[in-house]
Amino acid sequence: MSFESYIRIDLRSYTHQIIYSIILLKLLSQSFSIIQIVSNCLLLSSFRTSILLDRAYFNQHNQPAFLQIDPVRTSDAGEYRCRVDFKKARTVNIVIQLKVIVPPEEPIISYKYSQSTSHPLKGLIGPFNEGDRLVLVCASFGGKPRPTLTWWKDYSIIDDSFEYKNKDACHHYRLILLTLSFFSPPTFTRTKVTINELVIESLARHHLLSIFTCQSTNNNITIASSASITIDLNLKPIEVKIKQMTTPLLANSEAKFECSSFGSKPKARVYWIFNDVRYDTELQGDMQTLSILNLQLKREHNGQTLSCFAENSKISNSTILENFVLNVECKLLFNHCD
């Protein structure tokens, strides 16, 4: 990406004077280098200079006049002096300090803890388990001045606690930075890096498909550079309900029960336990799961407990259950349960 810079020289108050010459100088160390000398400026025409390798020209038609450098380089920063000599007036000296902003490189997101090589993260990452701890590291190389590095969740800023590091002295992140440096061609010197570590102590349901963006900027002129990831999650079931589908419950008859579970991703595994026997039945649905159980009831089942369990097999300790106490009645024809 290239940028241009304008060094404006206001000569409007001297328009009634005849300009004899204009000398532009740039301070190099303790000496000055002449950029361009303009003499006999009666026409005041635009021109280019070879000193800046055809990247600069001085325009006196514009008011105020300006020296334009395009593209600008870091070496162009410094003190510029413009000396204007008039035919019948005192010489005017104008001093301008040019500061060159070097945008930081595009940020790179990675895991802080990884058993393998830490590749840059982009797009959808995961899935992680609900309740997991997640630590992400965002690194942005270069930039002059050093950039600010912030984390955003969707459209809200959530972390602005960035640190400035020298890459060689950054022991804690050395492996990450060394690896990441191979994935993005360097545009600036990679000796300095800005780091912001995002810690999510416990991933929650509201983090599902949230967009986390790391943004790097060091000025209000250019658009901030950024990198984004979207979090995928496995979720625990949050509810399980038993519904009696047959009314009333009669001895020596078949009864139908429905168990519904909601909130699990992927869908919950649902099973029943009755009288110390486990029943796995056909499942329906996605995040909401239905299971149907048919039981042949006997009179001794009266007062016993029917239990339905729901769990996400990918998440440990995610099991929830509901108990249902059976109220088994006798058939009215004989008024007994034989």
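Cβ coordinates come from backbone N, Cα and C, glycine included.
Under the heading domain 'Ig-like', TrEMBL lists 120-230, 237-327.
Per-residue confidence over the domain 'Ig-like' (120-230) averages out at a pLDDT of 86. Broken down with DSSP, the domain 'Ig-like' (237-327) shows 3 helix, 52 strand, 36 coil.
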